[in-house]
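Student: One structure, as structure tokens, below. Some questions next.
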Amino acid sequence: MLKLGVPSKGRLMEKTFQWFGNRGVTLRKSGSEREYAGAVEGIDGVELVLLSAGEIPRELAAGRIQMGVTGSDLVREKLVNWEKTVREVAPLGFGGADLIIAVPQAWVDVDTLDDLDAAAAAFRARHGHRLRIATKYHRLVRDFLKQAGVADYALIDSQGATEGTVKNETAEAIADITSTGETLRANGLKILSDGMIHASQATLFRTSRRDWSTEQRRTFKALEARLGL
Amino acid sequence: MTLAAQLAEADRLRDLFAARDAVIVQTDVLQPADTLLDLYGEDIRGRSYLTSDPARGEMVLRPDFTVPVVQMHMQSHADPARYTYAGKVFRKQDSDPDRLSEFVQVGYEVFDGVNPALADAEVFAAIRDALGDLPLRAATGDIGILMAAVAGLRTSDARKAALARHIWRPRRFRALLDRFGGRSPVPPTRAALLAASDPFAHAGPDIGKRSRAEVADRIATLRDDAATPPISEEELALLDTLTGLRETSDHVLSQLRDIAVDMPAIGPAVTRLSARLDALEDHGVDIATLEFEGSYGRTSLEYYDGFVFGFYAADPNLPPVATGGRYDALTARLGDGNAVPAVGGVIRPDLVLTVRGMA
């Protein structure tokens, strides 16, 4: 069996079902609405596993599923050396969102990472602590800021309502996912012009075929053909 | 290689250092994280195992011995003092999972303010002697020379402070230098900001802890900077030469003496290098073959601020077998301004055994 992990609820699930459906592979929840079991029609040898989108990267890395649909941001955040662990089969063209760095609009002096770095230095000297950036994407943000040579900041964990942390003074800036920027603007924030960390979208991933059985490889080939990849 | 073999090698190395009148010290594996977080910020989160304790706050599995040994020394006030230690350190290997995340380090640290050049040479020689006849290549550098060059630039204090802050981040250092030297254009948004009659016209709501006064202060700094003439091509070229140096130590010394004619600010640092090389020769180091790199040590954790060195095996995939350097500024930070000149080095016994096995 080739196990395919798909987000277990919401728009991401519906859009994924649609994407596969448009290509002749029907995915659906089996049994009742509350049950996380799935059924696949239109191809043999594929088993649908419904999981939380956030768990799919780990399940791929552990080899418990061979294919999975999740955000490209989650794979990069959660897997060390993700390129060595999984391959991108196809971007699915939905679930698009950008991981960006945003600061208060009132910071008229800050538009680039260079400005952010200088503001962080002055902020630390004045307030005695590092400039705090609220995020849940610790690894992606840290790597990005390290690459850019930004110093004197600290990441603060925020698992939700991140845009509100600045107003609440638990952080001075944020690094978060946004699709339209609407919520950012409503919260008095703006995006740094060179603060794009990753343009994410829902993506079909697979594990390395090295560990697959002959049957799994054959099924994958058939699936690829069916999906027109 | 068994852990027992590693520990036996660690004991052997530590005893060699103890025979040089170093006091054997021990530190806790679990260290309070706040000091390290304040010193290194997110870099330490990326590299260390942090854990939270409801009673003691955030704790870290010691990523090295230097900080706890400095803290210990600050309380003892002994001067001069020599310490040695052996024990495990813990490092996350996010970008290179094949590297070990826990390994043994044996260190030798010298706190001696009387003659830094002698102390530098003493630590280098102690590490070299402990490594014996292993086939290793030594690399050296001196971050103090670049720091002196930056401090002596004919430009504003604000620019010098910005550059000094990024000596350990070569890319940002380069970007700043390009801007201060007029080699890269002013970002359009900055030009627009400085040209605006009321910079706060479209500012949006004042939210967060960074106040409007702080924003206004920075705009004033940017205005000053815009009015400051670019750093001269001549000085930029000298900095390029300094950071690009890659030669044997004797040649580097004569090149630096030439550069010091045009850049007198590095004079004292070059004199220190000269005294150090003399002291190294007294320890039997051949400075005509000892490599010196102008940018060596700039990408390590930012605490080395003078002499830096490392010993490398021929296999480029192997981490350095030993590393070390001078960290006066770290002692100043940890001692609330009371700096104690300090230099030290660490050896990895597991790599010593690996290289010995290959030899």
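Including glycine, each Cβ sits where the backbone N, Cα and C put it.
Given the structure is predicted, the values throughout are model-derived calculations rather than measurements.
Sharing the features that TrEMBL gives for it:
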type	residues	note
DOMAIN	B:15-194	domain 'Class II Histidinyl-tRNA synthetase (HisRS)-like catalytic core'
BINDING	B:Asp64, B:Phe65, B:Thr66, B:Arg91, B:Gln105, B:Glu109, B:Arg298, B:Tyr303, B:Tyr304	L-histidine binding site
DOMAIN	B:222-346	domain 'Class II Histidinyl-tRNA synthetase (HisRS)-like catalytic core'
Student: Does DSSP give B:Gln105 (L-histidine binding site) helix, strand or coil?
Tutor: strand
Student: Rank the binding-site residues B:Thr66, B:Gln105, B:Arg298, B:Tyr304 by the number of other Cβ atoms within 10 Å of each Cβ and report the first-ranked residue.
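Tutor: Checking each of B:Thr66, B:Gln105, B:Arg298, B:Tyr304, the winner is B:Tyr304.
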Student: When a 10 Å sphere is centred on the Cβ of B:Asp64 (L-histidine binding site), how many other Cβ atoms does it contain?
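Tutor: The answer is 19 other Cβ atoms.
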Student: When DSSP states are folded down to helix, strand and coil, where does B:Thr66 (L-histidine binding site) land?
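Tutor: DSSP call for B:Thr66 (L-histidine binding site): helix.
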Student: Residue counts in helix (H, G, I), strand (E, B) and coil for the domain 'Class II Histidinyl-tRNA synthetase (HisRS)-like catalytic core' (B:222-346), per DSSP?
Tutor: 58 helix, 22 strand, 45 coil
